[in-house]
Amino acid sequence: MTSRVWEHPYVNIFKHMRVEEWKKSSKEGDVTNYMDKTLKCSVFRIRGSIPARNYILLPKTSSQSLGLTGRYLYMLFRPSPSKHFVVHLDIASQEGQVIRVSFSNLFKEFKSTATWLQFPFVCGAAKGSVYESTAKTARNGLVGPAPSTVRWTCLMMDLQYILSIYLNRHHSHLKTVKLCANMSVKNMFTSDLVLDPGVSFSEAKQAGLSSSLGTGPMPREMCFPVPKGSSWHDLYDYIRFPSDGTKMPFDSIQKGHLNPVSKYAPAETDPVREMSHTVNISKSVQDRLSLIQQITTPKPQPRHRTTLVTSSVPELEVVRLGPNGQGASPGGWFCDANQLGSGRSSEALGSQNSSVRMPCADDRGVHVYAHTEDDIDNHREDSDVEIVCTSISRPVCLSTARESKQRMLHPDPILRLRRVIGFGGATTKCALWTKSGHAVVYPCHAIIVSMEIESGQQRFFIGHTDKVSALAFSGNSTMLASAQTGSQSVVRVWNYLKGTCLAMFKTHAHSLSSLSFSYSGGVLCGVGKDSHSKTMVVVWNTLHATKGEVSVLAKAHTDVDIQTMKIAFFDDTRMVSCGRDNIRLWRVRTGALRSCPVNLGEYHSLDFTDVTFEEGHFAGREPEDRMLFASSRSGHILEVDYSSVAIKNVRRLLPAQQPHTHHREKQTFNMGPGIAVNSISVSSAFCVTGSEDGFLRLWPLDFSTVFLEAEHEGPVSFVSVSDDGLRVMAATSSGNLGYLDVSSRGYSTLMRSHTDSVLGFSVDGIRRRITTASCDRTVRVWDIDSMQQLYDFVSEDTPCSVAFHPSLQVFSCGSSSGLVRVFDIATAKLLAEHKQHRGEVVGLAFSPDGEFMYSAGSHGALALYNSSQEDYHVLRILGNVVARGTEGAPDALTVSSDSRCLAFVGPSEYTVTIMDARSLDELLRVDVSILDVESTSLDSAQKVCFSPASTRHLLVSTSSNKILWISANTGRLLREISKVHKQQCSSLGVSEDGRFLLTAGHNIVKVWDYSMQLDVNSQMFIGHSQPIRQVGFCPDQMTVVSVGDAIFFWDFLAHPLESGANQRSSPKAGNISPAKPAPKSPLEPEVNRVLLSNGMPRRTAPIPSATPCFDISSIGRTGQEGRLSLCEEDTDEVLSLAGPSHPVSGSFLKVTEMAVGGDSSSHLKPSIKRAAENDHLEVEEPGRPDCYKHFTPRFKSSSIHQSTAPPQPGEGGLSLKAVIGYNGNGRANMVWNPDTGLFAYSCGCVVVVEDLHTGSQRHWLGHTEEISCLAVTHDAQTVASAAGGSGGARSLICIWSVCDGAQCNTISYHQGAVQALSFSRDDFFFLTVGDYSDPEVALWSTRSYELLSKVSVSGPLHDAAFSPSTANQLACVGSQGIFFCTTNQQGLDVELKLQQVLVPEEVGEAALTALCYNTNSILFTGTNRGLVCGWDCNLRRCFMTWEADQGEIGVLQCRGNRLVTGSNTRRLRLWDIAAVQGLRPGNTQRPEDRGPLVLLEKEMMLDGAVVSATFDDVMDMGIVGTTAGTLWYINWVDNTSIRLISGHKSQVNDVVFSPDESHFATCGEDGSLRVWSASSNELFVQFQVLNQSCDCACWSPVLGPSKGSVCVAGGYSDGSLRIFQLASSEMEIKMHPHRVAVTAIQYSADGQVILSAGMDGLIVISSPVTGVTIRIISDHRGAIITTIQCVKKQYKEFDLEGSEMWLAASADRRVSVWAADWMKDKCELLDWLTFPAPAKPEECDSLPTSLAAFSPTDPGMVVYTGYGVDRELCFYSLAKKQVIKKIALSHWAVCLSLSFKGRLIAVGSKERVLKLIKSSSGRFQDFLHHSDTVQTCRFSPSGKLLFTVAYNEILLWEVHGL
């Protein structure tokens, strides 16, 4: 991360924080300042062995932040001899998480959690000391107390590396530093430079080290003194982390090896690829001048550029290791790491734990890149950081080593945990209510889940490494404590609202079973076991837990059994516990924890299960004067007086009385079995018990009778009453969790779950269901969307595997007894039952076509069933074909997606067998044990999986933690990756589109790039506490399911490719694939040499031969065979790349393809559409092509009203001042001329011409529909704009004069939208292209704009361009290939001739989407599959192709020898194509003399798909537009991108001025709330909330400087309000007063409260300071609130006191007017208005909006409009209680705004009309400058400006008045 300017080159932390003053920092304990004799300067010394009590903290409190963004932290310190020290670093990640990184010589080994990393520190010693010599010979690093000769140390920590490698997080900034115990510290500083303390300034100068190279010497104020003649390294230690030290433990901070060779090496390459960053800033006009001067200054001709390029990569050969360990090829070629991007990258080449091996064609060897030992980072083998490295097989050119970027799997993260089905794990006696009662918190194995009881939405607390055994809330539910079971009994304290871990500590040795928080949250109590398995009670002080500090108050060891322990809510020092044979009272006093037992008398032998305090406050009684209630397994409930420690009452829960004849003796109170009471909970009104008989019972406090009970499926293990006493939660030992609503007596189940491990699952993609099998002997069916259990099947034996039928509501289940059962879900009927296996069923699968079912047994049997028959009879059984054992369960079988092949591991574990899926005939057997010739041990197969997108790929996981890609046809090894997981891979899954791979190992899920072409190919996800049994994608590829301890549903965030499952991810670099030659005749295809096995291009480019003329209607494309690169497919597999024939009826269109060099082309006849009309034939409506380049107008429900009254020129009451935003939905709708400075773009139906020097705008108004594209003449004097017609009318093309903005001409020709515009080189001709509905090319004269010629084609056209070298040549590209066009002029007649050339076979079935010319008669075209084709314009044939992107290419720009590609993957790439000229046919240059043909120079990642681009003549700078509505300035020289124009991509919901009109705010559907500067209309700050829509916004009133800064508030779709402070650009408070979306929000006039309304009609008055809800008004309940407005008004005439009025209008045509005095908490209804209306018309979907507002000139007047008898504005007088005036409207109003200035009213309508009305006279004017419904209009407070919004178009008007 690039640090801020003031932080460069470094930041002295102690000086920055002024540590010696202790104002910005704090110290605790023995911290002193002394003069060190070695350093000869003053240093800080920390003494004392307790880190929590002796420390220096920077900054002063943990709530503050250092905010230092430097990548490297340097620390100059010396550990105290024979002592231990600890250092804590809190580092903020870009994901918003705070990670604690700790290192100490106290730590013995590396430990990690999701939020905490602990590194051992290995201390060094003086040179020649005994300690040093011992450390040299020791295998392990000497971790422990510092040696007596420990030296001053300079420690450098790479913070970015640590977060990236260990936690897959992105470093943001350093937050806090805490130096603890036994050390001396000189200083600390941060920097982005790699600084060497052993290099002096003179040595650095001689070596050429500078900050520009990323390195340099240590700053003088940070240097250690070195006497003359001495070496720095002889006196001090220099430790860099990551370390290259070889002592164990690895992952420790230790001294590495000095490497003189790399002493002056530049900074390391970033471990995480830094994407092209976007700058979202606010700039004034003056700040932009320097930038604009660069853009508008004419550029010189191309100059010589020095570019670092890779040498031509040779063919793959077997590389053998020489004697020095380096690889050498037979040809003497050697490639070292510097050729691949230079330097040592911790995640790129050197430090890979996972590797990829690509076999050669003959599979005789492996291509190896050799590295020196210093270029390799050694991680320990069990490290869980696995990164895949692929060899570069394509020429790639990067500018410098520092600019090399790593390609990572995106998005990051690619998975997000959405829902977990599970409850319990360690215990089912643990669940909590939140204070509000709206959510419950419970454990699910190692995860803590918070679930909203109304919506079922879950939130997760992840960090525990074992099952959670106890939970506790503080009294206000702000802090949550959790404990885990097992040997690592760690306690965590969480901030419940934020979900962050505040503190983590371990006191107990194991078995921590109970936690209790005090009501204040200052004390926490826990019960567990010590190292001797003796019960230990510990009390912690958690007052400072928010700072990460928790200390032990007291602890005690006891022999008594404790089942539960609770802290008294009235006293933090008092506790009560119960267990077997005891109830004890505890108290903390003077640091000691003491207890006394309750005298139980005759009940001393009871086994007590739970204890609770009597609730409530009693007048006249001491707080401790209350009762205790204790329950027992014998059914006794004891009532104990807490103050007297005596039993008051004993009651017992007995079974129902049996008839007297069944027993002879009368039962007494203590005789017979009772019903065990497992849990008890008490409220102020009643008591609740949960018992072993499955009943939840509600009792009065005297237990006189049961007044409510609920029966459960299993024993009730836990009960809890919510704080308000309205709900009772119950948990059962069978894994159910629910609650009882006391008032309604209704019961709701929150969670059902398996009670044991989940063994397997199967997904029904059609009905979105999932079935699971578990060790609890049940098979359950769940709904994927609601997560509710639908069916439960109980089995006598354990179900092992399940499989859904692909189309029917049927699933099969295999069990441990060998039975296979088939169930019909709809009827709950058993369809079939087969016993074909003696052992466990380890595999069960249906064929994708549903014809067959397969089962495999643990004894080796394989069975084939006919699933097309209801009895599922057996067709064939084979014995001893599947590998024996249960290791393959539950998914030992896999079927290919075409239902042709079945694969499994067998007959032995070393072989994989592929069979015919219909007959079980063996097709292929592969021995995986011999595939790795380098291994010394036999490798066995574990799991198999077919790739859905490629049936030729069979993936096999092995016992050596590898995944093999095997050809299902030949058995050859295609690819392999190693070290996939630390443990063996337990499950595999491939996405439907073949782009992603899922693996599971132990309790970790990983997502991989299937093609393994990235630098970092995987992402890792944790959450499971037990081994994962199965993982897989749902068919829709939007969800990932993993099962083990519970059922996890993950959102899969990578979007599937638009072209479907057959399109697969491809390598990024430019792989040159010259096109195959055209066949000499349709029957004799010419066979050429196939691609080499390493994926390299052919040495020679085949030249297409002449093609005879033929009729496309009768002859299809000739089939031609080719082979793909081995890295994609097996070379033995021949794939047919010929596409299907495209017959076209000759009666409508005859296209003749011209022969090369011939002149036999014919004119194309009129379009197929018009020919069909003439012959009275029906033609099907053409479908829109599946490519993003083709323009599609945004759907609009509005329509233009013809009867409008626009003002006369010069008499308008409004004038358009500014347009905010850019239409990212357009295509090529931006033009820029660097010579003249012309810069124009479209927004809606307006062409905006902006002066880049001043930022001023001109607006060309002439269109009424969305503009699709723009074009400019070469002299930049004329601009053309095109927009579709409305209401079926033809499209409109406007011709504009740049000088005066006048509309010179208009063209209305094309039926649909216009796809492309282009001017010829001499500006004599103008070309227009229609969209897919009317794919016609029209040629016009630019003198008169008369139609010269027109030609229709059969398929959609996407782009067109004139040749820059020949005036009469042009080309068009589309779905049918490329059309080379020529214009033949004879006198005044001009003919347009087209020659169609099909897409080369090498490209496959792809559409050409973009094109551009080179000056050397070369034409480049892009495809929707990411390929770029090079065409010879003279021969009109393709002579080369290369893969330029992974997505569709929509923009191509060529200048000289540089080419820019832009795609829908958001990538903008710059290519060097200088060598392409040598590949053209007829070139005499030998192939071996050519360098790399295409070089990738630069790459940027923008914020959306690229839709428009223009660059200068030397391709150094340009402007690019994206679908996100952003225009970027691109500077390739500096590799920078700066945002020029930005706007909303989605709908804008509201726009509002600040009170002082210095800013305005907009909010949109994308969840953004943006604040803009009113003076420059530039973005000032943006507040983004993910996954929500911001529906309304308002500003706080200006109350003077003493009241604080101005705030802006937003209302969101989840019912929340967020208030942001403008000065700090931070969120001040978040409130959640609504359960539904917020529709209106407004501050009161005095700013004391904030009023908000939701879709349910409730109005909530809240405090903007505390967030507390003050009042709820439900008068409008059930109707959407559309308007809330507050005004200052003295309303004494209404006989009420106060100074403020407010109104609310709802959709049911009701307006309420209120009088309020918020300081006195008064709010009274002043008037209630109901406006009449006729019945709703049947054809009307929704009624017009009801709107109301106070008159700005008279607040006693309310203006209303809405649905009624007439379209009108009503003026209602509050004083006279009647409507006093009406103004008729021509349209129903959608929005309304009133201005103080000139008594003006603005009204927007669905007819796209903005109506300006003078309220006094009724005069009006109509303005038609929007392309959609005018949904928002808003006057500024002064009335001088007006904002209007139509979808995402924001128009700012200057108000002149009427």
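Backbone N, Cα and C atoms are what each Cβ position is placed from, and that goes for glycine too.
Automatic prediction, not curation, is the source of TrEMBL annotations.
According to DSSP, the secondary structure content of the domain 'CFA20' (1-121) in residues is 11 helix, 56 strand, 54 coil. According to TrEMBL, the domain 'CFA20' annotation covers 1-121 (among others).
Residues or ranges marked as domain 'CFA20' in TrEMBL: 130-192 (among others).
Residue counts for the repeat 'WD' (751-792) under DSSP (helix as H, G, I; strand as E, B; rest coil) come to 0 helix, 24 strand, 18 coil. Sequence annotations record features per position, and here TrEMBL assigns repeat 'WD' to 751-792 (among others).
In the predicted structure, the domain 'WDR90/POC16 second beta-propeller' (762-1051) carries a mean pLDDT of 89. The domain 'WDR90/POC16 second beta-propeller' annotation in TrEMBL covers 762-1051.
The feature repeat 'WD' is assigned by TrEMBL to 834-866 (among others).
What TrEMBL records for 1061-1086 is region 'Disordered'.
According to TrEMBL, the feature domain 'EML-like first beta-propeller' maps to 1256-1496.
Cβ atoms under 8 Å from those of the repeat 'WD' (1541-1582) belong to residues 280-285, 1218, 1220-1222, 1224, 1241, 1243, 1250, 1255, 1504, 1523-1527, 1588-1595, 1597-1598, 1606, 1608, 1610, 1612, 1618, 1620, 1622, 1625, 1831-1832, 1834, 1836-1838, 1841, 1843, 1845, 1847-1848, 1850, 1852 of the same chain, restricted to positions at least 6 beyond its ends. Taken from TrEMBL, the feature repeat 'WD' covers 1541-1582 (among others).
Feature annotation from TrEMBL assigns domain 'WDR90 4th beta-propeller' to 1547-1856.
For the repeat 'WD' (751-792), same-chain residues at least 6 beyond its ends with a Cβ under 8 Å from one of its own Cβ atoms are 419, 421-424, 442, 444, 451, 456, 733-738, 798-804, 807, 809, 811, 813, 825, 828, 889-891, 1026, 1029-1030, 1032, 1034-1036, 1039, 1041, 1043-1047, 1049. Secondary structure of the repeat 'WD' (1541-1582) per DSSP, as helix, strand and coil residue counts: 0 helix, 24 strand, 18 coil. According to DSSP, the secondary structure content of the repeat 'WD' (834-866) in residues is 0 helix, 19 strand, 14 coil.
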